[in-house]
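Shown next, in structure tokens, is the structure this report addresses.
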Amino acid sequence: MAKHLNKATTLVEALPYIQKFNNKVIVIKYGGSAMIDEKLKLSVIKDISLMKLVGIKPVVVHGGGNKISEMLLKIGKEPKFIQGLRVTDDETVEIAEMVLSGSVNKGIVQLFEQQGMKAVGISGKDGKSIIAKKKLVDGEDIGWVGQIDTINPELIRALIDDDFIPVIAPIACDEDNNTYNINADYVAGAIASELKAEKLIYMTDVEGVMKDVNDRESLISKIKLNEIQNYIESKVIVGGMIPKIECCAESIEKGVSGVHILDGRVEHSLILEVFTNSGIGTMLMP
Ligand SMILES: Nc1ncnc2c1ncn2[C@@H]1O[C@H](COP(=O)(O)OP(=O)(O)O)[C@@H](O)[C@H]1O
Ligand SMILES: CC(=O)N[C@@H](CCC(=O)OP(=O)(O)O)C(=O)O
């Protein structure tokens, strides 16, 4: 069962965590319902703002796949996914960039600014922060789907050092000027690894990793790296959870100490994770 923030969550309980994470980078993959529902959206923005105000350095990587799908349907195009990745033809990559780097990215920045926070929205193209190459899925070309080749963290670090919250859209280009649509989970993982983040938190639309997605009580609260392959092979983990769990594993291997998958539908799930000892969602373990 998802735990909720209540009055027992006091400053006294939060204080050790505030000290522990002071000046530390926490990368948040923001997606799912927490990006669609207006009330949840504002609540997440306020939670991240609070993290910033107490001395944490949050970096936001956002998704918005649902907004791309909405736009595709408007122009009569059926969204198509293979292994959780969007099949991205010429027209789709143009729409993906317009939606992610445009309305979604700037919408999030605007909400931070309304909270009095300094935020800057970029995509992987800005400052060549992300250089991508084509990703093949089981050897198959599914269009302009990117795989991260290099992260150049200079711009992101400069923004952090200058007290901005970087808000990053999962769009990048290669040396030949091609644009790529990258699953935001990979971007969050790669940026967390490159920045040697203290925590990487994925906000999604389920309680965490479940043994059975239809059974809310089947949450797996801790997963060890060596268990992941089994869960994928036995089809416990399928679809969009595959890229997420793979990124989690890679980030742990690259030294990010806390990697969590949280239910973004639960108000203040971020605060519960960062500032309390009530572990929620799924935590990845080395
Ligand atoms: N074992 C599992 N536990 C939880 N969710 C799973 C599992 N296997 C597959 N999923 C699916 O993965 C989805 C989350 O991935 P995705 O839709 O890509 O999320 P997001 O949009 O937040 O990146 C869940 O909504 C669920 O349908
Ligand atoms: C290649 C690929 O699948 N890209 C994703 C990028 C957006 C994303 O990752 O959004 P969510 O986190 O909301 O799923 C897409 O086109 O949907």
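Note: Cβ is positioned from N, Cα and C throughout, glycine not excepted.
Where the annotation comes from TrEMBL, it is an automatic prediction and has not been curated.
The substrate site in TrEMBL is built from G64, G65, R86 plus one of N152, N177, N178, N181, namely N181. Close contacts with ligand 2, defined as a Cβ under 6 Å from any of its atoms, occur at G64 among the recorded positions K29, G64, K244.
Within the set of recorded positions K29, G64, R86, N181, no residue has a CB atom less than 6 Å from any atom of ligand 1. Cβ proximity to the substrate site centre (mean Cβ of G64, G65, R86, N181, cutoff 8 Å) flags the following additional same-chain residues: G63, I68, S69, T88, A96, V99, L100, P170, N183, A184. When the alpha carbons of R86 (substrate binding site) and K244 (site 'Transition state stabilizer') are compared, the span between them is 14 angstrom.
Once Cβ contacts within 10 Å are tallied over all protein chains shown, the recorded positions K29, R86, K244 are led by K29. When the recorded positions K29, G64, G65, N181 are compared by Cα distance to K244 (site 'Transition state stabilizer'), the shortest distance belongs to K29.
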